[in-house]
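> Here you go, one structure.
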Amino acid sequence: MKCFAQIVVLLLVIAFSHGAVITGVCDRDAQCGSGTCCAASAFSRNIRFCVPLGNNGEECHPASHKVPSDGKRLSSLCPCNTGLTCSKSGEKYQCS
């Protein structure tokens, strides 16, 4: 039981700390490296990861076009890389 309590406390400290970002996990684009954005997880919009910008032929979201974003990105997809645009291709949007 003591170990369980310690794990819970550790998880709470991690969840509410704003000073440290675990590698790959982010809150905003500014915390990610060049060529990436802070995209929402496909499973939970409360969890975000640094994800590479879209390359030619990769799926994109038409409303996700600015890096760094002014707020928290809601899409699980990053904008397209420099020089590419997000356009509709059949049923999906792709970087081209």
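Here the Cβ of each residue, glycine as well, is placed from N, Cα and C on the backbone.
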> So, in Swiss-Prot, which cysteine from Cys37, Cys38 is disulfide-paired with Cys26?
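Looking through Cys37, Cys38, the record in Swiss-Prot gives Cys38 as the partner of Cys26.
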> Pick out which of Cys32, Cys37, Cys78 Swiss-Prot lists as the disulfide partner of Cys50.
Cys32
> Could you identify, going by Swiss-Prot, the member of Cys3, Cys86 that forms a disulphide bond with Cys60?
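Swiss-Prot annotates a disulfide bond between Cys60 and Cys86.
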> Quick one: of Cys26, Cys37, Cys80, Cys95, which disulfide-bonded residues lie within 10 angstroms of Cys86 (disulfide bond), measuring between C-alpha atoms? Sequence order, please.
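If one measures from the Cα of Cys86 (disulfide bond), the disulfide-bonded residues that come within 10 Å are Cys80, Cys95.
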> Name the secondary structure element type, per DSSP in three states, that contains Cys78 (disulfide bond).
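DSSP assigns Cys78 (disulfide bond) to coil.
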> Please identify, among the disulfide-bonded residues Cys26, Cys50, Cys80, Cys95, the one with the smallest Cα-Cα distance to Cys37 (disulfide bond).
Cys50
